[in-house]
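Scroll down for the structure; my scribbles are underneath it.
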Amino acid sequence: LSSLSLFFNPFDNLVCILLGISLTVWFTLLLVFIIVPAIFGVSFGIRRLYMKTLLKLFEWATLRIERGAKENNHHLYKPYSNAIIAREPTSLEEEIKEIRRSGSNRDLDSAPEFEMSDIFYFARRGVESIMDDEVTKRFSAEELESWNLLTRSNNNFHYISLRLTVLWGLGLLIRYGFLLPLRVTLAFTGVGLLVFLTCLIGLLPSGRLKNFLSEKVHLMCYRICVRALTAIITYHNSENKPKNGGICVANHTSPIDVIILASDGCYAMVGQIHGGLMGVIQRSMVKACPHIWFERSEVKDRHLVAKRLSDHVEDKTKLPILIFPEGTCINNTSVMMFKKGSFDIGATVYPVAIKYDPRFGDAFWNSSKFGMVNYLLRMMSSWAIVCSVWYLPPMSREADEDAVQFANRVKAAIARQGGLVDLLWDGGLKRGKVKDTFKEEQQKLYSKMLVGTPEDRSRS
């Protein structure tokens, strides 16, 4: 036993020395290339070089897939949504008149009345909704036409070539063996520093020094968290960035939208108080900065929420409020109905459009399918998170506008800038049924076509 101990002790010492050197080198690289640049808000350009390399790799993989499919007479998978030819939007009355014109010799300018052919309009719209539903498909991941070496786009063909299989295995090793541990380390570093430093700053008396240190700490920690996702963000029109006393509204794709925006400017967050780790983070953040957290029982009290928001924006020394009016995550192909609450306060609204590039990783959080931990694991094991952020000119409510009209105008501007589809549907359909009011609206349109409006009848 004594001879064995003499043999193993030098070996154990060598392992400990090598492990210590590895950890020292690891944390030194983190400090020099990630944490210090995050503190000063600079970048060495490594992430953008990494993105360009990935793009060339994806192009090569796509060419190999197309060549392999031709050689083996396989049909390349295309998203079904592209198979439907888009038509110019027309009104209910115009479409029904078109159907009547093709199937009847009756004078279309005669007194309106019900015709059996009208049924075909509603039947066709029902079939179109089943084949290409413009609402529910916004709650699932956006489909890709090419393979990004993360998942197989063609579910019916899992083997293309040996080269691609080896490349996929090598990518799996890099993502889970190197990138994931690195990103987890950065995430814990960013969150840990945020909790610790904001608690320290909370001990300072209110004043300029406290506000200055709070902003610097928040920016530093969010930038570290951005690097934990290998996020490559391009900000446009920075002269339109939200200012104190205003409300920043943006389309909502993922919980990381907050990190994406907060790494370029400080905001006052709005949300419900949570327990666990999220609760610890919320309690520490509010010590250094006046964020707006609500108890679960307060969230549904609209008057209380509006009062808290209004009091905040009236104080021009406080940070702009960050709100996602959709109220749920959409898959970044469209913008759905904005809740009117934040547009009814009377404050200046700063619209922001966020558009992700799904080729590098799907940022959309399908909360009905993935829990938060599972989602973050998927994010940290993807290639990168690439997105563009546009700051739009500030907008104010006009004299003849109500809150709903103002919200729709802001939503249309965000959709137009981000290249997203502007939908009137409520994101609450993600978990609920269609409201009866939507059905009644279609019935009223058809009834109006048949019997006319009260004004029309009075004139006749």
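Here the Cβ of each residue, glycine as well, is placed from N, Cα and C on the backbone.
Small disclaimer: the values here were computed from a predicted structure and weren't measured.
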Of the ranges 184-204, 247-267, the one TrEMBL annotates as transmembrane segment is 184-204
From 160-178, 369-387, 407-425, the residue range that TrEMBL assigns the feature transmembrane segment: 160-178
When you scan the chain for residues with a C-beta under 8 Å from the transmembrane segment (20-46), skipping those not six or more beyond its ends, what do you find? 182, 185-186, 189, 219-220, 223-224, 226-227
Over the span of the domain 'Phospholipid/glycerol acyltransferase' (246-357), how high is the average pLDDT in this prediction? 85
Summarise the domain 'Phospholipid/glycerol acyltransferase' (246-357) as counts of helix, strand and coil residues per DSSP. 35 helix, 26 strand, 51 coil
